[in-house]
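Worksheet for the structure shown next.
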């Protein structure tokens, strides 16, 4: 079970450390203090994950069982790579038999078994390059993509929802039948057209906010399970609704 860490880490460093004022702005100091005292950050370091985001995926999987049996996975917005680390492990991906393809416009250090493309997913060539890198239809498409925040909540929501929509259409284009799609979104409502499209193509569509997401964060995840296949009839039963779970 993925339990929230408490107290101190196994290295003996206690939570609640302060950063000396020095020349740092108050906002920067608060961010650093929050980061170094975050139990998920400390746990990620101890368990060898590149970011605390690993526990978001593990927690979602613990409840919704999306990773077991996956043979190929595509990871969008992959840097720094914690989701790709998990994907490589569950698919038994190796450099000689890569089963994970990842993409980000940011640099990412190599991960064994992960074919990484440093490019913008919105580049017209990106989808085809990902399909070539994975060597077959993926069982899962993951997207942790988010547009750089502006501080204006509605603007940030619209920009990130655009990335979510592009990722969703890509997932429908490439997923193996029975596959799953998981994408970051922001609180503020998922676009009706996107939800309708996902419900038409997947057996179940839900919103998820894992405990490892910071309490003050507006991020949520949109999970679509059980891809019906590209030949699914429009007369199929609609998917279960996108309630928060």
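Any Cβ shown, glycine's included, is placed from N, Cα and C.
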Further binder of S-adenosyl-L-methionine named by Swiss-Prot next to 81, 83, 120, 144, taken from the candidates 104, 193: 104
Other CB atoms, at most 10 A from the CB of residue 184 (active site, proton acceptor): 22
DSSP state at residue 83 (S-adenosyl-L-methionine binding site), helix/strand/coil: helix
Taking residues 81, 83, 104, 120, 144, which bind S-adenosyl-L-methionine in the record, the widest Cα spacing (Å, whole number): 18
Closest of 81, 83, 104, 120, 144 to residue 184 (active site, proton acceptor), Cα positions, binding-site residues only: 144
Neighbour count (Cβ, 10 Å) for residue 83 (S-adenosyl-L-methionine binding site): 28
Lowest local Cβ density among 104, 120, which the record lists as binding-site residues, within 10 Å: 120
